[in-house]
Amino acid sequence: MAEEQARHVKNGLECIRALKAEPIGSLAIGEAMAAWSEISDNPGQEQATCKEEEAGASGLSKPCLSAIGSTEGGAPRIRGQGSGESDDDTETLGFPSRNLQASSTGLQCYYVYDHSGEAVKGIQDADSIMVQSGLDGDSTLSGGDNESENSDVDIGEPDTEGYAITDRGPAPISMGFRASDVETAEGGEIHELLRLQSRGNNFPKLGKTLNVPPPPDPGRASTSETPIKKGHRREISLIWDGDRVFIDRWCNPMCSKVTLGTIRARCTCGECPRVCEQCRTDTGVDTRIWYHNLPEIPE
């Protein structure tokens, strides 16, 4: 379905390019639109046909392009008009040859066949060519001055340069869609999917979340209810004079200052115990022990 619509749009764009390359006079456009209005007002007239291959499974036929003012006698021709006399290809409208240039590719008539097989004709640009999404046989497209209220193209008065002023309104989505609309809808779904995936990557993974503890409250007291028990800090001094190794062990109070050298400090706070538990069981405390050989030092 989308491929058929894209093909119709492409053919319509070719018509627009031909008009821009060699624009037609405003008088010729007005007469062509008047003739088209007469056909639209009389649906009982003979309907236009074109030679084409059989339609595919989609039910849409290939468009037939017929140039106005392109050949014989200098008179512009358009398909599907006339009150009885017509050949297989074209029918003369009787416009004066001076209105259109003989070498111009001219205004092109674009034909679209709906699902019911009826031809829909219009002198309009590609944006106004829409294929109905339903299979209703009565739903046909019209063009020209007497377009239906569902049409999205209104051809206004021609300007001084000979171009037709076209006011394009938004096409109702419920009635049909163009190939560009299909592409836009697919692109929107892709962008939405990418947006959801990017949001999912921002979620923190379970088991790898870093929980930072809150900062401490300065109003709370820093001291605990139970005071820290004072104790002793074990000090060891090794002296080697080249012959023997002297080892001294003792405990300094916890309130004493730690220095680089070895000192025997005293308690200044009055809360440290006189003798710690380790000093009570260690027989080498406050006793200098010397060893003649290094392997004799216990580990």
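Each residue, glycine too, has its Cβ placed from N, Cα and C.
The annotation Zn(2+) 1 binding site is assigned in Swiss-Prot to HIS232, CYS251, CYS276, CYS279 on the grounds of similarity to another entry. As annotated by Swiss-Prot, Zn(2+) 2 binding site applies to CYS255, CYS267, CYS269, CYS272, with the evidence given as similarity to another entry. What Swiss-Prot records for 134-145 is compositional bias 'Low complexity'. Taken from Swiss-Prot, the feature compositional bias 'Acidic residues' applies to 146-160. The feature region 'Disordered' is assigned by Swiss-Prot to 40-98, 134-174, 204-230. For 110-120, the entry in Swiss-Prot reads region 'Interaction with host STAT1', with the evidence type similarity to another entry. Residues or ranges marked as site 'Interaction with host STAT2' in Swiss-Prot (evidence: similarity to another entry): TRP240, PHE246, ASP248, TRP250.
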Spatial neighbour of TRP250 (site 'Interaction with host STAT2') that is closest, considering only the recorded positions TRP240, CYS269, CYS272, CYS279 and their CA atoms: CYS279
Cα-Cα distance linking CYS279 (Zn(2+) 1 binding site) and CYS272 (Zn(2+) 2 binding site), given in Å to the nearest integer: 13
Can you tell which of the recorded positions TRP240, ASP248, CYS255, CYS267, CYS269 lies nearest to CYS279 (Zn(2+) 1 binding site) in space, using Cα positions? ASP248
Euclidean distance between Cα atoms of CYS267 (Zn(2+) 2 binding site) and PHE246 (site 'Interaction with host STAT2'), Å: 26
Fill in the CA-CA distance, CYS255 (Zn(2+) 2 binding site) to TRP240 (site 'Interaction with host STAT2'), as an integer in Å. 30
